[in-house]
Amino acid sequence: EGFSSVNFFLSLYRFQACVYFASVFQAMSCGIHYLASVFMAVTPNFICGIPGNVSSVLFYNSSESSIEDIWTLWTSTENYIVVQLENGEIWELNQCSRSKREVSLDLAYEYNGNKSIFSCSDGFLYDDTKWKSTVVTQWDLVCDREWLAKLIQPTFMLGVLIGAVIFGDIADRLGRQRVIWFTSAGQFVFGIAVAFTFDYYSFVIVRFLLAMVSSGYLVVAFVYVTEFVGIKARTWASMHVHAFFAMGIMVVALVGFLVRTWWVYQIFLSIATIPFVLCCWMLPETPFWLLSEERYEDAQKVINIMARWNKVSTPCKVSEVCSVQHDNLVSGRTDDNDTSSTKKHNILDLFCNWHIARRTITVWLIWFTGSLGYYVFSLSSVSLGGNEYLNLFLIGAVELPCYIIACIAMDKLGRRNTLIPFLILSALICVLIMFIPQDFNILIILANMAGKFSIGVAFGLIYLYTAELYPTIVRSLAVGSGSMMCRVGSVVAPFCVYLRSVWIFMPLLLVGIMALLSGILTIMLPETLGKPLTNTLVEATEMGRKKKSCSEKTPPAHSGAALEKIEMFGQETVSTEK
């Protein structure tokens with residue numbers, strides 16, 4: 001088991017390894033931009049602006065000459081500061097209002113006389129001891145404009161949802177290579193452009209476009225590396241894309257620690273992956289897509305390049321593979337002419353009967369819960385106390401072993417038997433955190449890392465499990481709809497984190513309830529480890545009801561053979577000498 005990850009890397013030949021690592025390296029930029037707002041849009045301590053020159057400042061029993069000296073004593077948003085101006089006026093400065101004392105005899109913190117209340121027409125004063133500048137301080141996104149700051153992450157996640165749909169479709173039409181070129185260049189261009197936006201609305205619009213291309217790249221990168229790596233390495237290859245995303249989160253923590261001005265911070269994050277932008281044009285189109293478009297000569301060129309890199313003397317001939325596929329497709333059309341070939345499937349097929357409908361609801365709930373928990377643990381990590389930069393770094397780092405554990409467990413214990421305990425464990429951890437005293441910062445951080453680990457395992461394996469639970473005719477539809485629920489969870493997550501202002505444990509309570517419910521419902525899902533993929537809704541319905549017969553059942557010969565030949569094509573260019 002300990003050598004599973006090593007075997008994954010050994011199973012990649014030279015060409016596939018170069019393509020794989022070049023592609024997943026850019027996935028770091030997706031993790032960077034997804035979580036960049038945790039430091040870029042932070043709200044520091046602030047008070048109403050002062051309508052004149054200050055001569056003295058009073059905060060409880062502490063008297064200072066400037067407001068900057070008071071921030072170290074600031075403990076609550078309910079606090080206020082008393083200042084005396086050079087003209088003798090005395091003002092009380094709150095966060096969203098200021099009041100002028102009618103009687104200015106002496107400077108005292110407590111005052112029971114008459115006051116005139118004014119709005120913060122002179123702007124705000126911010127604590128810049130931690131962050132020199134954020135988008136909140138840049139455009140005064142506090143008080144009655146606070147809701148604008150809270151929309152920054154949800155609007156980004158909405159762009160993620162739309163980008164996944166748009167670029168996933170474009171990649172099927174125009175090819176994976178062109179989308180990878182455009183989205184990787186777009187991440188760099190829009191990432192830099194964010195730093196030079198002139199107001200809040202242009203900032204949100206450019207970030208929305210950045211979210212679309214980042215999401216588009218991540219979706220297409222999964223498909224791209226899957227179509228290039230061999231069958232044996234496919235599970236590990238897809239799971240380790242998540243690991244590079246987690247490394248992007250770690251980069252955010254490091255850059256946030258070193259750079260405290262938001263637009264400089266954004267520029268550094270955007271140029272972190274510029275090496276890929278400069279060389280991504282060298283990545284080839286996948287032979288699978290070229291064959292689907294009947295561009296046989298181009299596919300043969302890519303195969304020949306793969307053969308030269310991998311030192312294969314007799315590369316696969318496209319004409320041989322195409323003739324085999326053509327024979328299988330012809331026989332498939334003859335057998336199914338009156339059934340599946342004439343029927344168009346839609347989302348309602350995922351609810352065609354009670355068993356499939358229950359399965360779909362459970363799978364959607366797991367997708368939603370996984371995404372919700374993932375981003376709640378990530379976004380709230382900077383509010384756990386202690387060093388917020390270290391907290392975010394550790395929350396990202398804990399994902400690296402989590403995907404290795406997920407790959408090993410799902411192959412040894414099974415998909416369902418791995419998913420259930422980790423979902424329930426994440427729910428229990430959410431409850432445990434509520435009982436940890438708030439001054440035990442280290443223990444709270446470790447518990448949150450454990451929660452992120454457990455939800456990460458569940459989130460990582462649901463991709464493959466969903467594909468195995470549904471038949472061929474609706475498999476892409478099932479994975480696509482599950483991914484949409486995942487995006488919905490990512491949009492809801494920031495709002496869930498904001499509920500900390502209502503009750504500090506409210507986000508954990510919601511994640512815990514969803515995780516527990518998902519874990520219980522998962523018990524009713526069938527195990528798919530070691531079972532052949534189903535091809536019809538009837539087979540998918542029967543899966544798990546009659547364990548013995550289902551485990552011995554094999555797919556129809558014509559559909560299974562066609563799939564097998566296509567899979568063999570992905571391996572032939574690297575397996576000729578074996």
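Any Cβ shown, glycine's included, is placed from N, Cα and C.
According to TrEMBL, the protein carries these features:
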- 72-530: domain 'Major facilitator superfamily (MFS) profile' (DOMAIN)
- 12-36: transmembrane segment (TRANSMEM)
- 179-198: transmembrane segment (TRANSMEM)
- 204-225: transmembrane segment (TRANSMEM)
- 237-257: transmembrane segment (TRANSMEM)
- 263-283: transmembrane segment (TRANSMEM)
- 361-377: transmembrane segment (TRANSMEM)
- 389-410: transmembrane segment (TRANSMEM)
- 417-436: transmembrane segment (TRANSMEM)
- 442-465: transmembrane segment (TRANSMEM)
- 477-497: transmembrane segment (TRANSMEM)
- 503-525: transmembrane segment (TRANSMEM)
For the transmembrane segment (237-257), distant same-chain residues with Cβ under 8 A (at least six beyond the ends): 8, 12, 20, 24-25, 27-36, 38-39, 218, 221-222, 225-226, 229, 265, 268-269, 272, 378, 389-393, 395-397, 399-400, 403, 406-407, 456, 460-461, 463-464
For the domain 'Major facilitator superfamily (MFS) profile' (72-530), mean pLDDT (0 to 100): 84
Cβ-Cβ under 8 Å with the transmembrane segment (477-497): same-chain residues at least 6 beyond its ends: 150, 153-154, 157-158, 160-161, 164-165, 168, 215, 219, 345-347, 349-350, 360, 363-365, 367-372, 374-376, 379-380, 462-463, 466-467, 469-470, 506-507, 510-511
Ranked first among 179-198, 204-225, 389-410, 417-436, 503-525 for CB pairs under 8 angstroms with the transmembrane segment (263-283): 179-198
Recorded stretches the transmembrane segment (389-410) and the transmembrane segment (442-465) touching, at least 3 CB pairs under 8 Å: yes
Intrachain residues whose Cβ lies under 8 Å of the transmembrane segment (204-225), provided they are six or more past its termini: 19-20, 23-24, 26-27, 29-30, 33-34, 151-152, 155-164, 166-168, 170-171, 176, 179-180, 182-184, 186-187, 190-191, 193-194, 197, 237-238, 241, 245, 286, 483, 487
